[in-house]
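Chemist: Copying in the features that TrEMBL gives for the protein in this structure:
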- A:70-331: domain 'Phosphofructokinase' (DOMAIN)
- A:Gly78: diphosphate binding site (BINDING)
- A:Asp172: Mg(2+) binding site (BINDING)
- A:Asp173: site 'Important for catalytic activity and substrate specificity' (SITE)
- A:Lys199: site 'Important for catalytic activity' (SITE)
- A:Thr200, A:Ile201, A:Asp202, A:Lys239, A:Tyr240, A:Met247, A:Gly248, A:Arg249, A:Glu308, A:Tyr422, A:Glu423, A:Gly424, A:Arg425: substrate binding site (BINDING)
- A:Asp202: active site, proton acceptor (ACT_SITE)
2 protein chains.
Amino acid sequence: MIKSALQIAREKYIPKVPAALKGSVKIVEGEKTQSVADQAEIEKMFPHTYGLPVLSFETSDEKKDYPAIKVGVILSGGQAPGGHNVISGLFDGIKRLNSNSQLYGFLGGPSGLTDNVYKELTSDIIDCYRNTGGFDIIGSGRTKLEEEWQFEKALENCKKLGIKALVIIGGDDSNTNAAVLAEYFMAKGAGIQVVGVPKTIDGDLKTEMIETSFGFDTACKVYSELIGNIQRDANSAKKYYHFIKLMGRSASHIALECALQTQPNVTIISEEVAAKNMTLDDVVNQIVDVVVKRAEKGENFGTVLIPEGLVEFIPAMKTLIGELNDLLAKFESEVNNLESNKERREFVAGKLSKESAEVFTQLPNSFANQLLLDRDPHGNVQVSMIETEKLLIDMVKAKVKALKKEGKFKGKFKAQAHFFGYEGRCAAPSNFDADYTYSLGNAAAILIAEGKTGYMASVRNLTAPADEWLAGGVPITSMMNLERRHGVMKPVIQKALVNLDGAPFKKFAENRDDWALNTQYIYPGPIQYFGPSEVCDLPTKTLALER
Amino acid sequence: MIKSALQIAREKYIPKVPAALKGSVKIVEGEKTQSVADQAEIEKMFPHTYGLPVLSFETSDEKKDYPAIKVGVILSGGQAPGGHNVISGLFDGIKRLNSNSQLYGFLGGPSGLTDNVYKELTSDIIDCYRNTGGFDIIGSGRTKLEEEWQFEKALENCKKLGIKALVIIGGDDSNTNAAVLAEYFMAKGAGIQVVGVPKTIDGDLKTEMIETSFGFDTACKVYSELIGNIQRDANSAKKYYHFIKLMGRSASHIALECALQTQPNVTIISEEVAAKNMTLDDVVNQIVDVVVKRAEKGENFGTVLIPEGLVEFIPAMKTLIGELNDLLAKFESEVNNLESNKERREFVAGKLSKESAEVFTQLPNSFANQLLLDRDPHGNVQVSMIETEKLLIDMVKAKVKALKKEGKFKGKFKAQAHFFGYEGRCAAPSNFDADYTYSLGNAAAILIAEGKTGYMASVRNLTAPADEWLAGGVPITSMMNLERRHGVMKPVIQKALVNLDGAPFKKFAENRDDWALNTQYIYPGPIQYFGPSEVCDLPTKTLALER
C-alpha cells in the first residue's frame, strides 16, 4: 500500500479511550433486561441468552490472568468509517489480556466464516490500518447468517481453527443474526461466544445504551463538508438550486444531521412525510413554496437535501411500487414485448388500482419509465436506483413553469443534482469515530475475555470527553421486537427512525422557516485531525442534542 | 453569517508571503516581452501596452510614500478557492502603502462595473472572509467586458467613484479582456490602470511566469479526497466500477492531477484522445480492456476518471456536434414536431454526413436523445449537460455483455456514476492557495501603487517555501496569440492544455498500466490546515513535476 502523507501522519494517532479501559477492568452487572416488545415470544426464541443484565466496566485494582484465546472477526454489510479501528482495538485488547491470544479475520464478510476463508491478523497488518477508513483489511460482504446450515458451517470452521469467540461488526440485521448465532452456539454447548459491534453510517442502530452507531459521525461530516462547499458556491454564483440526495434508505438521520450542520434551505425528512401522509405532490409543493418565496426576495438559488429512502416513505408511492412489483412479475413478457415506453406506461396504468394509476400517470414520463425498466432479478422495482433528486427537480421545474404562466412566479429556476454516499462510507474516521471504534474494540475484547455472549459492545456518555465515556455490554435480545419479514414474524432489532418528538428534529423544525428564506448557510469544511479540540473532537449535533 | 468552528479557527491564519512582500519593495524591470505568437498583429492591437517588461519585486531599504487611492475589484467567472484572500491581500496591500486608500468591490462580476453596483470593502467586511472559500463577498458573474459601450460605462463609473485602478480576478478570457480594457484606458488617457489576477480551478491559465492559477490546488485536493474515499470503498466492497467525471471542459489538468494524487485504474486525458485521433469506441475499448484484465485477476471493481470536456476532444464527436448544431437550427420546427425520439433520431441521421451519421447511430439511444433535446437558447447542443460518465458506463456494459457471450469475459461489471465540480470550487483554500492568493493580492497592490497597467500579478517559484517565492508582474499581452472566435481573429491568452511531453503526463503514462491492473490506490484524505507541514503545505503534483 502506498500511503498518503495524511495516512502516515495519522498512523501515529493514539485513540482516546474511557478511563475504565486503561487498566484492569471489573465488570458490574446491572438489572436483568427485557426485550423492548414481544417479551414472551422473544424469550421463547432465546432461552439461553434472553434477560441477561446490562454490563458496565469499572476500573479495578485486581490484575486478572486470562488464558490465550483465538478470536475471529467479521465485517458485515456496508462500509463505515472506523471499522479498522474496531479491529485494532480488539487486537490490542485481547493482546493486552494475554499476549499469546490471536485474532483471525474472516474475509469478504459473513461468507468468509461459512466458506472458511480467513487470515490471521498480526501486528504488521494491524499497524497498516490504524485510524484508516475502509473495510479493506479483510473486506466485507452482505451474506446474511440466518440458516441452520450456515450456523453449522460456522461451528465447524470455528472448531477447526480453535476459535473461542466471534466478533461481528455490523448493522441491525447483522447484530440480530449475531444474537441468533450466539443462542445457537449456547444451545449446542459449543462454547463459542458471539459479540456484536454497532456499525452503520445511517445512524438507525440506536438505543438508550447504544447512543450512536459508528461511522455516522464521519460520514455526516464528509457530506456536510460537501454540502457546505456547494452552498458557498450557490451563494456565490446565485444561479442554481442544488438538490442533494444523501445515502441512508431506511431512516433520515443523515439528512437531519447534515441539515443541522449546514442549514440548507429545504430538508425533506422521510419520517415526517410518512407521519403527515404526504403525497409526492405535497413534497414538491413544499419545495416550490420555498423557491417562490426566495424568488420574491431576489434569491434564485438554494439547497435541498433529500434522504435516499424518501420514495418508500411516501405512502401513495409505497403502494404504487408494491402494485408495480406484483404487476411486472405477472405480466413480464407482455410488458417487455411492447415497443415503446409510452405503450408500456399505458398498459401498466390500465392494470393498477385507481389510486395508484392516478399517482403513476402524474409522474414525469422519464421517472415512470424508470419504475418500469430498472428491476432487480426478482422483477422488483429497484428503489435505490430511483433518481429522486432528478425526479424532484423535474417536478419543481414543471410547477414553477406553470406558476410563471399564471404570473405567480417571476424568478428563475435552474437546478443541479448530486448524490453523496460512497464519498463518506470509507472516509478516514474523525477523531470521534477513531476513538469510539477503538474503544468498542477494546470493550469487545473484555466481553470475550469475561466469557460473555449475545452482547453488543457499548460505549456511552459520548458527548463527554473520552476519558469519561462508559464502556460495557448490552444484551442484544434487549433491543429486539417481532416484525413481519417476508410474511413471517421474526425477532429483529428495532430500527431507530428519526423521532419527530426528539430534540434534533425539533431543533430543525423550529429553524427551518428561517433557513428556507434567509440564507443562513454554515460551511463546516473538511474533517480536521490535528487542530484545536473544538474543531477536531466535536460529536454530531444529533448526539449533542439527544444527550 | 454563522461561522463553523473551523471557519472561526481559520480566521486567525496569517498567510505566508514571499520575503520581498514583507517590507518596502523595489521594482526590477526585466527584458521587454513579445507575445507568444502573432507579434506584429498583437502589437498593432495593443500600441500602448505591448512589449512591456516583466517586473520582479525585490526587498528595498528605501521607504516610499504613496498617495491614497481608490481601487476597484471584480471577481469574474467560475468560483475558485482563494478569491477572498486575493481581495484581503489586495486590501491589506493598499492599506499598508497608504492607510487612507480604499477598496471597492463591484458586485456580481463585471456587470457590477458597467451597472455601477458596488460596495466599499472595509476591514469589518474583509475580516469576515479571510481564508474562506467562495466568491460571496461581492459575488461573481460571467458577463464579458468586450464591447466599447462597456468600456465607456466602466470609464464613466470609475471616474464617478474616483477609482484609479481596477483589479480583475479571472481566467484566460477575463484577463484577455482586462488587457483590452487597460489598452482602451491608456488610449483614452483615462489614467485608470487595470491589473489581472490568474484564477481558475481548471489549471489551464499557465505560462513560464504564471506557474499555476489559483484554486487548482484546493479543488484538486477536494476531488482527490473524494476519489480516494470512493477507491477505498471500491477496494472494500469489491463490487463496483466508479466512473468519476471531473469538472474542467477545456483541459484535463484536474483529471491528471487527481490521477497523480490517487492512482485510479483508468484516467482518460482528453488531450491524448485528440492527439491520437481516438473515437468514442476507442475510449470505451481502453476501459473495457482494463475491466477484462482485472476480471481475469478476480478484481471486478475499479475507478475511472473522466474529464468533463472529453466529448469535445473526440474528433468525430466534435464534428458530429458541429453538424447537429447546424441541423437543429435549420430544422428546429420539423424536429420538434416529430412524435417520438426514435423518429427524431432517424430524421436527423438522414441529414448528417455519412461519417457523422455512423457515429450518431452507434450511440446509445438515451445519449443520442440527449444530444437532440438538451439545447441552449441558441439551439446548440449543451455539451456540459452530456452525462459522459453514464454514456461510458452504458457503452462499457454493452461491450462487456457481448464479450461474455463470446466467452471472453467471465467477470462482473456493475458501475456507479459521479460528477465532481461544485464540491471543490468554493472549498476553503488550502494553505497553499491561501498563501498564494494573499500574495497575489499583495502583488497587485504594488503593481497599482507603481502605476502599472496591463499586467497580471505573478508569484513564482511556488514549490519552494513561501518565503522564497518570487513576486512581480507579467504583461498580459506577452501571453497572447490570435485565435479564431466566432469567425473573427481575436487576441487571446493561449490556453494551456495538458502537454503530452510534460513531466506530469509522462509520470502518469509511465505508471498507468501498473495502476490499471495492480490496485495501487492512494487515499489522500481531506485537506488539513493545522497538522505537520508535509501534510498541510504540499503543492500539487503537477506543480512539483513541472518545476
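Cβ from N, Cα, C; glycine included.
Note: TrEMBL annotation is automatic and uncurated.
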Chemist: Cβ under 8 Å from chain B: which of the binding-site residues A:Asp172, A:Glu423, A:Arg425 qualify?
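Modeler: So the ones by chain B are A:Glu423, A:Arg425.
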Chemist: Out of A:Asp172, A:Asp173, A:Asp202, which has the highest number of nearby Cβ atoms, where nearby means within 10 Å of its Cβ, if these are the recorded positions?
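Modeler: Per the Cβ count, the most surrounded site is A:Asp202.
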Chemist: Please tell me which one of the recorded positions listed here (A:Gly78, A:Asp172, A:Asp173, A:Lys199) sits closest to A:Gly248 (substrate binding site), measuring Cα to Cα?
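Modeler: That would be A:Gly78, the closest of A:Gly78, A:Asp172, A:Asp173, A:Lys199 to A:Gly248 (substrate binding site).
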Chemist: Would you mind sorting out which of A:Gly78, A:Asp172, A:Asp173, A:Lys199 (the recorded positions) have a C-alpha within 10 A of the one on A:Arg425 (substrate binding site)?
Modeler: A:Gly78
Chemist: Which residues of the same chain, at least 6 positions away in sequence, have a Cβ lying under 8 Å from the Cβ of A:Glu423 (substrate binding site)?
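Modeler: Spatial neighbours, sequence-distant, of A:Glu423 (substrate binding site): A:Val222, A:Tyr223, A:Leu226.
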Chemist: Identify, in sequence order, the residues in the chain of A:Lys199 (site 'Important for catalytic activity') that are 6 or more apart from it along the sequence and have a CB within less than 8 Å of its CB; answer 'none' if there are none.
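Modeler: Within the chain, A:Lys199 (site 'Important for catalytic activity') has Cβ neighbours under 8 Å at A:Ser76, A:Gly77, A:Ala80, A:Gly82, A:Gly83, A:Val86, A:Ile169, A:Gly170, A:Gly171, A:Ser174, A:Leu205, A:Ser213, A:Phe214, A:Gly215.
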Chemist: In DSSP terms, helix, strand or coil for A:Lys199 (site 'Important for catalytic activity')?
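Modeler: Its secondary structure by DSSP: strand.
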Chemist: Considering only the binding-site residues A:Gly78, A:Thr200, A:Tyr240, A:Glu308, which fall within 10 Å of A:Asp172 (Mg(2+) binding site) when distances are taken between Cα atoms?
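Modeler: Of everything listed, what lies within 10 Å of A:Asp172 (Mg(2+) binding site) (Cα to Cα) is A:Thr200.
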Chemist: Round to a whole number and give the Cα-to-Cα distance in Å for the pair A:Glu308 (substrate binding site) and A:Gly78 (diphosphate binding site).
Modeler: 15
Chemist: When DSSP states are folded down to helix, strand and coil, where does A:Asp172 (Mg(2+) binding site) land?
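Modeler: For A:Asp172 (Mg(2+) binding site) - judged by DSSP and reduced to three states - the answer is helix.
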Chemist: Whole-number Å only: compute the distance from the Cα of A:Thr200 (substrate binding site) to the Cα of A:Asp173 (site 'Important for catalytic activity and substrate specificity').
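Modeler: Approximately 11 Å lies between the Cα of A:Thr200 (substrate binding site) and that of A:Asp173 (site 'Important for catalytic activity and substrate specificity').
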Chemist: To the nearest Å, how far is the Cα of A:Asp173 (site 'Important for catalytic activity and substrate specificity') from the Cα of A:Tyr240 (substrate binding site)?
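Modeler: Pair distance, Cα basis, whole Å: 40 Å.
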